[in-house]
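The structure appears right after this line, and notes come after that.
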Amino acid sequence: MSSGRGLNGGVSRCYPFFAEFKECLKTESLVTQDDGTRKWKNNCWEVREDYFECLHAKKEWAMVRKVNEEEKRQAQISAN
């Protein structure tokens, strides 16, 4: 995946997300604020979430399941 090569020789579908995540991690660091709390300088977690969604599509499949369940529910209501 990190090579950027897809199965057919082109750029893999998730490589742009990986490249953005990798660039974000290069500049990521913890910053201590005035009140003593520590916070991440950049928000790489959001970029990481996009990359992992591209790889695994968990949110997409959860939405598909919800839509299918709602369609089934609507069909049962109209059948009764």
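Yeah, the Cβs are placed from backbone N, Cα and C, and that goes for glycine too.
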Of Cys14, Cys24, which cysteine does TrEMBL list as the disulfide partner of Cys54?
-> Cys14
Nonlocal neighbours by CB distance (under 8 Å) for Cys54 (disulfide bond), same chain, sequence gap 6 or more | Arg13, Cys14, Phe17
Residues near Cys24 (disulfide bond) in space but at least six apart in sequence (CB under 8 A) | Asn42, Cys44, Val47
